Amino acid sequence: MMRDQEDIENEGVGVMVMEDGKDLERNISSESGFREPLLKSKSRVNNTSQIAIIGANVCPIESLDYDIVENDLFKQDWRSRKKVQIYQYIFLKWTLVLLIGLSTGLVGFFLNIAVENIAGFKLLLASDLMLEDKYFRAFATFAGCNLGLATCAAILCAFIAPAAAGSGIPEVKAYLNGVDAHSILAPSTLFVKIIGSVLGVSAGFVVGKEGPMVHTGACIANLLGQGGSRKYHLTWKWLRYFKNDRDRRDLITCGAAAGVAAAFRAPVGGVLFALEEVASWWRSALLWRTFFTTAIVAMVLRSCIQFCRSGNCGLFGQGGLIMFDVNSGSPNYNTVDVLAVLTIGVLGGLLGSLYNYLVDKVLRTYSIINERGPAFKVMLVMTISILTSFCSYGLPWFASCTPCPVGLEEKCPTVGRSGNYKNFQCPAGHYNDLASLFMNTNDDAIRNLFRAENSSEFHLSTLFVFFAGVYCLGVITYGIAIPSGLFIPVILAGASYGRLVGSVLGSVSNLNNGLFALLGAASFLGGTMRMTVSLCVILLELTNNLLMLPLVMLVLLVSKTVADSFNKGVYDQIVKMKGLPYLEAHAEPYMRQLAAGDVCSGPLVTFSGVEKVGNIVHALKFTRHNGFPVVDLPPFSDAPEFCGLVLRSHLVVLLKGKTFTKLSVLSGANILKRFHAFDFAKPGSGKGLKFEDLSFSPEEMEMYVDLHPITNTSPYTVVETMSLAKAAILFRELGLRHLCVVPKTTKRNPIVGILTRHDFMPEHIKGLYPHLVHHK
């Protein structure tokens, strides 16, 4: 797949078009007035992929402009801003953050209420039929409801918004790293993410709504931070300040943190999750805003819980908004307990790395199926739904019935949709412990595993079967065309083997089984996701037990250390598998063996400060570059001089204005009068101005236009001899889209090339220098 200096601007352009465009570019270079490429090696072309998997769909990708374009129009606008406008911008940004918190909190509450009521009604229906000994009808009802809900979710994802499939965390992580793709945060994606999450989780899949909530929060933030919409006539003057990727990045970071806070009722954990996992750039001002956002979410959820306690939320009851109370006094632990915790940590690391490996293989297999069309996506979802229903309903039949414990405060067997003691097929006074886990919502199953009142509530065989079932179902479910999160399957599996270890130790340990379940969940989370601080705080906020802090920290550190010996975290693996060009925080060791000039790809197309319209039109038509160097030539300078960088989107706006001159003269003053900086602002998710919308007469093609007013005169530049490792770190830390490479000596052409994120990708470097040793 051919790639030039930068990624595709037009989302619908195919690979063959790019290749044809490149061939045409080579053919017309002499006819249209293009200057010859300035690179020493004209054949050094970047062949890294221009497409990636977004959700369950293959889309073209492009980079984001996080750098400030300091051209004459920007400077004029900045000098003209009054103090009241600056205060207005600050006030509006805090207002948007407030709205993100409110909206995400309300959406999170709606998600929980909908799941609890739909899944609760389904489970009640099946339970009532089983009490009447209508077992086959109960299974048909249970499986039919699951299949219907799953099919609806799959149809939404496959036909309306394929980008909504999966958890969305890898896509949000890539976006905040500087990678954009079609519909990644679109309103249609938001709608399908919310409705699809309700339907998917209610359908009994071993998935969670916590991952999709992060994507949902990011979509809400993107929608609010669009800076208005010309399509819907929402272009108020005070909204235009946010028509840039820099401000949207901050708002989307707040939205991702709000999503975690809404999913787990963990406001501090949400801030730390955004800092540790999804954000690539961070600063103190952003910390304040994310903390404010998650605090608003916490307040909204608390108000909603108070409202539901009056019984106005149907089957919502005590479930839904996750809070697993495992307070059981001060945990006193001995040497055996510490050894057991270390064992759980090692086990979590081993099982977590295996889980990541299997998820990666399954995702690659599913991508082949999903590429065949929406119908195959729906069929795959239906197949997994039927398999899940068979496991959830069939496996409890192999479990033995257990007599109800004496002296319980709650009813045994359980009457209703949730509870610890499911009757299933057992006689009166007995319960099926495996059905108490499988025939419950995922939240209630976790709540049952974390309970410490009855240490012998679950048999060892039950815990093992449930762990094996959830582990396998979690692996094969993630990747189908529904919104699905990994947190809940991982917590379920981890809590199962944690409680299993606690049951084996029995009276030897001072810790109860509920605490061992918590430690097991922490170890598996650490082994799969490789987060430490944020997971630790989320778990402590989730369980309302600060006394477990030392043991949770220990088990997370051990599991992460063990798992890192085998592979990367699950989200890092998915980002790579999807083909998203993610820039790591550190440079690879082999980069120190290369200089910045060694990987510049070409051919390089440059413009003069005052350029012929025909040359610009041909460059925009036959190349896919998004940045063009501007070089001043005599008589505008004594010698060729690098003036700066001009963006494709700015050239399109300038050409549409047709501020042309018949002679090659400076006309910047007229352009500054004609245009405003906001005319060149980036459009939202709606359709912006495209080159294909422009038309020119033969006379206009022979005229000239002054590029100086829209040229970024202070782009970041590096000398060609700088090590590639330093250039990579600089590129990522500054959030750049283009990094100009200049020659070391003054007697050469003023610009050597342009580095983009694709030039730092291992695939490109390996293609140029296959002899380099690539360390793990």
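Placement of Cβ uses the backbone N, Cα and C atoms for every residue, glycine included.
Since the structure is predicted, the reported quantities are computational estimates derived from the model, not experimental observations.
The transmembrane segment annotation in TrEMBL covers 89-115 (among others).
Annotated transmembrane segment per TrEMBL: 135-161 (among others), in sequence order.
The transmembrane segment annotation in TrEMBL covers 251-275 (among others).
Residues annotated as transmembrane segment in TrEMBL: 338-358 (among others).
Marked as transmembrane segment by TrEMBL: 378-399 (among others). Counting residues 6+ beyond its ends, the transmembrane segment (378-399) has Cβ neighbours under 8 Å at 126, 138-139, 142-143, 146-147, 150-151, 153-155, 158, 203-206, 366, 369-370, 422, 424-425, 432-435, 438-439, 459, 461-462, 465, 469, 473, 476-477, 480-482 in the same chain.
According to TrEMBL, the transmembrane segment annotation covers 458-480 (among others).
The transmembrane segment feature in TrEMBL is assigned to 546-563 (among others).
Summarising the annotation, TrEMBL assigns domain 'CBS' to 710-771.
Per-residue pLDDT, averaged along the domain 'CBS' (710-771), amounts to 91 for this model. In the domain 'CBS' (710-771), helix, strand and coil residues by DSSP number 22 helix, 12 strand, 28 coil. Below 8 A, the CB atoms of the transmembrane segment (251-275) and the transmembrane segment (546-563) form no more than two pairs separated by six or more positions in the chain, fewer than 3 in all.
Using a Cβ-Cβ cut-off under 8 Å and counting only residues 6 or more beyond its ends in the same chain, the transmembrane segment (89-115) has close neighbours at 194, 197-198, 201-202, 209, 213, 216-217, 220-221, 224-225, 238-239, 241-242, 247, 250-251, 254-255, 258-259, 261-263, 289, 292-301, 304, 308, 313-314, 316, 319-321, 441.
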